[in-house]
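What TrEMBL says about this protein:
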{"type": "DOMAIN", "residues": "39-148", "note": "domain 'TRNA-binding'"}
{"type": "DOMAIN", "residues": "402-477", "note": "domain 'B5'"}
{"type": "BINDING", "residues": "455, 461, 464, 465", "note": "Mg(2+) binding site"}
{"type": "DOMAIN", "residues": "700-793", "note": "domain 'FDX-ACB'"}
């Protein structure tokens, strides 16, 4: 949140300079991320008054203005702004001034008339991104005064990074309260005066959603001046807070929101039909928003402000175009309400409507603030646009309003939690500075937090506040003293660190991705699997829990590819969330990886080659070998919606599926925006960390014999089936079996492939004879021919 220091010091002004003030706020938990100047230096730009404006005789679109630049000095300035007219006060850049865009102002002749300066717009002064016409200053501005002094541009803007629990500080009043509490400076809040109703005009309000809207206040203001302009002091304060001035009425509601923390909305009363209703969306409800979007709200259960013709606004988020305030508006209905945080937060994100209002309501707005804010806004509006206010109408469901319960705070607990002694009088002073009502009891106090502190509910919350206001830097440093005992680890369990080390050794980099992912990415990868939807997502693209780690990893690949990273090898150990058949939620820890690009980094000693399925299969086999059971692993063909049907496999260990591996399907790859082949794998961590304890066996003293076998089989026969069949025939004499070649092409019939395998045989008690090895090889050949139709290659 951005806030003007000068505006802040009108409420509270401790004897601290800007850096010291920022430091105190940061140490109190309100981190000041940046301090910036409120505007450019603008040396040589002063307040000028146009005495006379007449058409340029040589250029019809220009005007020749006689401008008073000091008390007794008048200069001629040629100007092309359409709103230049006699009597107004505007910024005047004199010769020698340098504007923010680098232009240096000089005397110059324009179509035969010398111009001794330049009349400026807000955009030319660097105060707005764009603007039309001259910046018109207040009529009270002193001619000849520097613009920096007139607009108080020698101000600083504090950019405060608030944590989500401190919604009470999303306003000038909230930050000022914190400064007063931290420094002890006197708080001088703005006086809110009750505005007398001068008309009897009302608009009936019917609140149907009383739980989500326990308080709704409104008032009619008739006969405002549609030609009124937002005063420069107000638009400047909005600008320094990061909000653009739009219309005097809208600007006042935004100003009150920034000042007091109460979001408000103004409706064009003449466009409202019948009673104001506060209800939930119903089938058929459609709303065109002020930003031009059109939303079908029938299934959203969103909280609406409506009339007899349909929705007028999304409560606490954004108004609708039909009842929006414009230059023709003469009659207003001004709304100030309290909406339950849960009714705004999740729905705002689901609808992708993160606004200044929704940000405040979802974090909690003081339920007692609606009426005072309405009075403050009315006062400002009457001073700017005029009008006749009616009485305030208010609908309140007190049973649904948040109620602050008393919290018991024990002095002994304070000392035990903080590890230091805090005098009771100091505790009481701190709590009173924070606006809390306290009462002494035996051994401590009962404390009632103020209505605006939604983050204080239990005793430790109060203890945290005591530590925060005393200063975290005053907590003494005490180094822990403890006896360290190395934990024992069973031999049959591998650590996750061992998995990480192996993958890092194989050139993978570990990443940590979010457990909640984009529904679109999740659906692209596992379209048929049911997902857990978040009731209150951070954003629309983080709305479901991942059922696999692949969405986050593939997004990381895309992120790196978009930054010219051609070779990406990532892995993550984390949890996936799946819904069991009985509806229970299963959290399963897995290790997942993705690889794209070349097999090895570019080098002079070898030519590049794109990674393929078998390269990554080797990495997976290395992981599986850690458990000492490589012979119990099987890679079996499987179909997966996001994997290539011919280059994917289910990974089985001792007959149980523990993971998947495969090349990302080309259609999925295109849909996700990936521009090169990606291989992915995912394995159950529990299966990987369960290790086989090796048993000693004597190394054979007798020589081993190797025989190579080349066969042709049908394309649909997996190599794993051949390997299993060979192991079954040979038995314990087979000490190693390797598939060292696979070939398709010339000399091989269509629909068949050639497999070459190396068999290493050895007996631990004797030397094998060639005759028995030949016989064994013949048995293998016969078995493969009988079971798979395998033929020996010549």
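Just so it is clear, glycine is given a Cβ too, placed from its N, Cα and C backbone atoms.
Curation does not apply to TrEMBL; its annotations are automatic.
Values in this document were obtained by computation on a predicted structure and should not be read as measured data.
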Cβ-Cβ neighbours of residue 461 (Mg(2+) binding site) (radius 10 Å): 16
For the binding-site residues 455, 464, 465, the one whose C-beta sees the most other C-beta atoms within 10 angstroms: 465
Integer mean pLDDT for the domain 'FDX-ACB' (700-793): 91
Other residues, Cβ within 8 Å of 455, 461, 464, 465 Cβ centroid (Mg(2+) site): 453, 456, 460, 462, 463, 468
Secondary structure content of the domain 'B5' (402-477), with strand meaning DSSP E or B: 33 helix, 14 strand, 29 coil
